[in-house]
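Data first, discussion second: the structure below is written as structure tokens.
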Amino acid sequence: MGCDLRVAPSFILDAVLTLSTRNYGPVFEEQPVHTLFPEGSAEEKVTLACRARASPPATYRWKMNGTEIKMEPDSRYRLVAGDLVISNPVKAKDAGSYQCVASNSRGTVVSREASLRFGFLQEFSAEERDPVKITEGWGVMFACSPPPHYPGLSYRWLLNEFPNFIPADGRRFVSQTTGNLYIAKTEASDLGNYSCFATSHIDFITKSVFSKFSRLSLAAEDARQYAPSIKARFPADTYALAGQMVTLECFAFGNPVPRIKWRKLDGSQSSKWIGSEPLLQIQDVDFEDEGTYECEAENIKGRDTYQGRIIIQAQPEWLEVIADTEADIGSDLRWSCAAASWLPNGIRNRIEVSGGELRFSKLVLEDSGMYQCVAENKHGTVYASAELTVQALAPDFRLNPVKRLIPAARSGKVIIPCQPRAAPKATVLWTKGTELLINSSRVTITTDGTLILQNISKSDEGKYTCFAENFMGKANSTGILSVRDATKITLAPSSADINVGENLTLQCHASHDPTMDLTFTWSLDDFPIDFDKSEGHYRRASVKEAIGDLSIFNTQLKHSGRYTCTAQTVVDSASESATLTVRGPPGPPGGVVVRDISDTTVQLSWSRGFDNHSPIARYIVEARTLLSPKWKQMRTNPVNIEGNAETAQVVNLIPWMDYEFRVLASNILGVGEPSLPSSKIRTKEAGSGKAGSHHAWGQLVISLSPTLRDYQNGDGFGYILSFRKKGTHGWLTARVPHAESLHYVYRNESIGPYTPFEVKIKAYNRKGEGPESLTAIVYSAEEEPKVAPFRVMAKAVLSSEMDVSWEPVEQGDMTGVLLGYEIRYWKDGDKEEAADRVRTAGLVTSAHVTGLNPNTKYHVSVRAYNRAGTGPPSPSTNVTTTKPPPTRPPGNISWTFSGSTVSIKWDPVVAKADESAVTGYKMLYRQDSHSAPTLYLASKSRIDIPVPEDFTHAFVQIRVTGPGGDGIPAEVHILRNSVLPPPLPGHNTEHGGTSYPSVFRLRLSNWSLAPLCCSLKGTSDVSLSSPPSGNSPQTLSNLSV
């Protein structure tokens, strides 16, 4: 590996001390790559590239298999700039592993390893191939037995002569793994001579060879049908590198020719699958694709299956790399790197390597140089390079002098930094005039040399000097402290309660030092108010310097909060706050759920929304249908829904109608925004003049709607029914003597299921008979479905959900009206009698099932149903739900602003063994507490989001997503250009170059990732169709460290 590399860089102290452009060690711009050279090629040389940026320019050496190559004048090896050129390459001498070594006076770096291999393809054996004889209709396999070769080949087969190539048509298949030819079911047209045709592709050179012919003879016989038998199988264990394409082969003999189907037993089908029946190809595989795969061959005589695993591995890849570092002479340094080894310029007694960490004690100038961290596993090696510069500098105030004039407020506090450039760190002393300052109740000198004066008085005015010294030298810098009058709020704003649309003025007056300018600023909940972008709601009430009153016009709910008036000069400030409560109509109710569905009523429930500071008085329920798409107020029970209610019954609905419902809340200030619509439901069928599904065969049941007494017109009221089987001539009659009768039953064993009858009805009383109705068609009792759905497929969607689809039953096979399908599902090991059930309505042929257990195998069957009951089950299929999403939220969230973009990044979340893989992240972004959130999707652990120029803050939720669903969110509040509290302990974040912390935890209630809540936006690193492929959190799981 070259770990014994020792190059001691030379240093000139003057060069280290100079402020001009410094020299730097080599940094690779181009490294050698794996190279394949065809044997017998007309090319007479191989070039391995190497180029490094360095000052002074780098010199180059090369190693082969760890041994340095000597560049003799008559050698076949020569250097062209940094490239290695090998003339007349020979496999026996030149095949191997190569590395480039770049050096200058600052240090040495070693390139990644690159192999040089030689490609070849020999001729097939000259031996004759045995003829093959088989009964027509049976399957046959021809072995290719390819000659020695490197690298892999592509295969085709010739029939009788060139170029009559055999097509892959489902009946015939050529394995690209072995080259063998498979014919699932032989036919008379297959008679002939067969030859394997193998082709090698190396760069732009193509070479092909073909075998001796083998003759196929067929014995004519009545071919009987037989079940499939899988002959071409993929390995029991297939190992693949993340990012590559995996191909699995499966082909079966059988008559009829079998169909091939693929499934993943411990997960769902991926959108990356490319399939033609004998092949399953998975593009850009990652760890989520790992698992057991099943190939199923099926025809009308039976089925055969085969299973094997795909195991995903990965080359090492850096999640974080070492960076160039400057350190003071005499200091200690720790460099962390997930590495198997380090390559410094030379190992000394003060340097310790432990667990991937490089530790320096008491740095000296000779420690400067290039260092490399090396990580490797059996799939490859990666290098990360960085330069260490050890500095020795006398104190120098030219870049950071003490401020010349330091104004401060009486009774206030002043902080005076002392930050000379020095290495090692300088010792700092402070004086006022000729008086040496020491720590006291009013004076503090911090460990970094900063001077803090508190409770300042006029006597503190004067010259303050910082003296800095180290072993390289000494320096000082002086500033003058001037004490001014303190700023005070003389009239503070008062808290207020108002209604939406009203106006208000918050007062704020202040006194200040007359020699300084006074300015007023206002903030709402600690965020500055921008008067120019307030849409006319905010205005200053006075132009007088000492008056900072704020006028608010046409107040809205979003104007509620804590208002802070700040009066400030260049030396101090004073603030006072007041709370404004804006009352308005209620916010939208949430979570509208429909249950207890009948033909004319449903039960609604909802959750309370915000009352917006005025109690909710009542709720209103609205609905819409396909017939009436506009929202209309509905009748409810109770008629008036009180403000403390969270449920009500909706009445007077139309039977067998699709409805959506929403709820609105109101108070004394008006009606608020509506809730989101409920899921669409269908009311049940109403009773009518048709036979009920619960009646037995041999019966005709005619349901009646009783006539109100207002229309009976006399005593002795009843009905006369006339009915006959449709298509016959004679009418049967029956009297129903009671006005309250609800149905009439006619029994006759000859009546078949679902037989149509023509029915007429008329009323009578003692005065006579009324007019006869029009003829209606009524059906006898239905029969349960006799056929089952087929081709049932179940696909796990999330850890607790699956999609089920099927091919429908034919209406012609039904003796009744198909009402829908019933999906039954039960856990592996349970009995089907314990199955849970979900029913669909109408002719839909798919269903979404929820409430499943994660990482659990389920059996699924589907039945058709009508009024008479459910039919026979389909053949059951099985599905395994995915593992649940990771429970750990993204951590260490930080952000950086750049113009009109904010870059947000976080630590990648790595799934545990019992959790599903992380394929990306969802981020819910909200500008403020009143704006609608936006959903962003990111494939990696960072995202760039455009923000307006006046951006000050936003609320953000970040959570992992993957096959198991969405994980627990991490919630943060992003701030820019605002006065922040002191740093929180333990927070290590970025914030656009300031020293303030960027992460403040904030609980964001009423946020969700429901599809209706937000708009979807993509960014440059968004991936909606594939998981991350550059910095997968699992990449280092195979690292040998």
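Note that Cβ sites are derived from N, Cα and C of the backbone, with glycine treated the same way.
Annotated by TrEMBL as region 'Disordered', the relevant range among 979-999, 1021-1041 is 1021-1041.
Same-chain residues lying 6+ beyond the ends of the region 'Disordered' (867-892) with a Cβ under 8 Å from its Cβ atoms: 265-268, 692-694, 753, 781-790, 792-796, 798-802, 806, 809, 816-817, 819, 822, 824, 828, 832, 852-861, 906-912, 914-916, 918, 921, 941, 958-970, 988-989, 999.
Most Cβ pairs under 8 A with the domain 'Ig-like' (26-117) among the ranges 228-311, 316-389, 487-581 are made by 316-389. Across the domain 'Ig-like' (316-389), DSSP helix (H, G, I), strand (E, B) and coil residues number 3 helix, 38 strand, 33 coil.
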